[in-house]
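Taking it in order: structure first as structure tokens, then the write-up.
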Amino acid sequence: MDLIFHEKQDGSLCAQHCLNALLQGPYFTAVDLANIAKQLDDEEVSQLGSSGGMSNCFQNMDESGYFSVQVISQALQIWSLELVPFLRQCPEAERARGNPASQNAFICHYRHHWFTIRKIGKQWFNLNSILSAPKLISETYLAIYLAQLKEEGNSIFIITGTLPRCEADEVLSICPVVEDDLTRSSTTSTNQPDKSTEVDVALAVSNADIDDDDQTLQRILQSSENDDEELQLALRVSANLQSYED
């Protein structure tokens, strides 16, 4: 477990911790992300125009150290990685919903908090910076946990692309973490659910009628569409930044 890179929460720098947990190394600092946020703010103001009062609408960071989804997306593009909303109607997302364990990582966002769930070796770990250490998640529980997070209001994103190699991935591929050596993640939710909650969520998922008329599904899909809109803005800004650099 000591090989797994895990930054504990520092102020509101969860975006930095989330990205570094995903990449498994100290790749981004708060200054790096602030520079990306400033570039995005400048580009958005240039594209859309701004008066003094409207400029606040384009802040991709705040004084606490929180960074927007656009900053996360732009930072990941440096590594040729992409955020894809879990509920987007596209082949990548459909495969992830059908078999979450087939993916490499997820990034989750809830109430201005970012955190990573990632496969290391052949096992899944919750790398939330509010945890004192990484938490093991079984493949069986992964789908239930993601469903629970969405029910709690989290936005969930798939990470597409090839993650950089890391020592933990190589070692744990050969020598997996033994579950008896640590407390399994039955309480890995940001709201720390108990066992009865886990069972309730599992039953709710199995019994859910997800036809096109289901109001819950429609609400979730609307949330996914909102995530898409934010990402599309980030991609447009990124393209324009690239054209300026060229």
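Quick reminder: no glycine exception, Cβ is built from N, Cα and C everywhere.
TrEMBL annotations: computationally assigned, not manually curated.
Features reported for this protein in TrEMBL:
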ACT_SITE  Cys14  active site, nucleophile
ACT_SITE  His113  active site, proton acceptor
ACT_SITE  Asn128  active site
DOMAIN    8-162  domain 'Josephin'
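Feature map: TrEMBL annotations on the structure.
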residue : record                       : Cβ neighbours (10 Å)
Cys14   : active site, nucleophile     : 24
His113  : active site, proton acceptor : 19
Asn128  : active site                  : 25
In three-state DSSP terms, Asn128 (active site) is classed as coil
His113 (active site, proton acceptor) and Cys14 (active site, nucleophile), compared by Cα position, are separated in whole Å by 6
For the residue listed as 'active site' and the residue listed as 'active site, nucleophile', the CA-to-CA distance in whole Å is 9
The residue listed as 'active site, nucleophile' falls, by DSSP collapsed to helix, strand or coil, into helix
Over the domain 'Josephin' (8-162) the mean pLDDT stands at 92
